[in-house]
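A.B. asks: So Swiss-Prot has the following annotated:
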TRANSMEM  11-31  transmembrane segment
TRANSMEM  33-53  transmembrane segment
TRANSMEM  98-118  transmembrane segment
TRANSMEM  131-151  transmembrane segment
TRANSMEM  177-197  transmembrane segment
TRANSMEM  205-225  transmembrane segment
TRANSMEM  255-275  transmembrane segment
TRANSMEM  305-325  transmembrane segment
TRANSMEM  348-368  transmembrane segment
């Protein structure tokens, strides 16, 4: 019996049927594997980001950084996570228990949901939605509601001020983000993440939206940093002004959820910058025809595995470049005031993103 399908999942299921397994049971197992692998990948990526930030920050400040927990301190993030799990979970006596407890979950769940539409290859995406990029913007706008609930439920003036700042900051920078995504969608004729990457691959390296939309890239880059609440945009948790902002009353696992959500959001934003502006999983470097050797081949299994691996590595390499820039900006730029942050969003980024959208639409109409 010869099995030859274009779908790797079908090939494995059919092989299991030949070996005597029940096809339905193996299908359920395969679904669980599909869910488990992305979760493990995200957790490993989270640990790597925390370690990289500590090492890069230490290098900028001429320190050694973590070095005792594992080789080169690679297990330091894991040790910190275990410490948070073992800490006591303290709840304010005069706070709102329901809002205080559900706030961290509302922050984490939408950020995790955005990973559903992130492609690491032509066939490596959990949900290839036709509105993938807008799905990311929609779910990311839910997170500030959790921050506002956490700040209000803490019954603390610093926490409440941090929650209000998070809501104001999100509203200010979600609109420029959406306008930049609309410009990309006009160029690609699609809102799907896979289609946007495929549209960039038609013209190679110079087809990246980074070159076709330089103004939009700058606006998207700044808005992404503000959405992640990274310095110089970490006003909701400014230590010198608000102690720790909406995190002031939190400890233990609930504080750990905010910590995880911050880095997950940074990783998701880096991956979306890669998908929208840097060609996604395509190598696309002139004079290096790497794509010819790693095509999606349904017959040659080795070539298929290498192609998948190369796509994942290329996507992560581009994303970690954005991460490096974000971490470096944390230690090189001073924090803005809240009025300066809102002015930047409403008076600078919004007009630029809107003008970029109008220019893109005009050029697309001329090309019809």
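Heads up, the Cβ atoms here are built off N, Cα and C, so glycines get one too.
Keep in mind the model is a prediction, meaning the values are calculated, not measured.
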A.B. asks: Between the stretches 255-275, 305-325, 348-368, which one has more Cβ pairs under 8 Å with the transmembrane segment (177-197) than any other?
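C.D. replies: The stretch with the most contacts is 348-368.
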A.B. asks: For the transmembrane segment (255-275), which stretch among 33-53, 98-118, 131-151, 348-368 has the most Cβ pairs under 8 A?
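C.D. replies: It is 98-118, which has the most Cβ pairs under 8 Å.
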A.B. asks: When you check the transmembrane segment (205-225) against the transmembrane segment (131-151), do you get at least 3 Cβ pairs under 8 Å, counting only pairs 6 or more apart in sequence?
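C.D. replies: No, the transmembrane segment (205-225) and the transmembrane segment (131-151) are not in contact.
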A.B. asks: In the same chain, who gets a Cβ under 8 Å from the transmembrane segment (131-151) while lying at least 6 residues past its ends?
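C.D. replies: Distant Cβ neighbours of the transmembrane segment (131-151) are 99-100, 102-107, 110-111, 113-114, 116-117, 159-164, 166-167, 169-171, 174, 177-178, 181, 184-185, 191-194, 196, 227, 236, 245-247, 250, 258, 261, 265, 268, 272, 276.
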A.B. asks: Could you give the residue numbers and ranges of same-chain residues that sit at least 6 residues beyond the transmembrane segment (98-118) on either side and whose C-beta is under 8 angstroms from one of its C-beta atoms?
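C.D. replies: Those are 38, 42, 91-92, 125-129, 132-133, 135-136, 139-140, 142-143, 145-147, 149-154, 193, 246, 249-250, 254, 257-258, 260-261, 264-265, 268, 271-272, 275, in sequence order.
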A.B. asks: Near the transmembrane segment (33-53), which residues from the same chain, at least 6 beyond its ends, have a CB less than 8 A from one of its CBs?
C.D. replies: 66, 73-74, 76-78, 80, 112, 115, 126, 260, 263-264, 266-267, 316, 320, 323-324, 327, 330
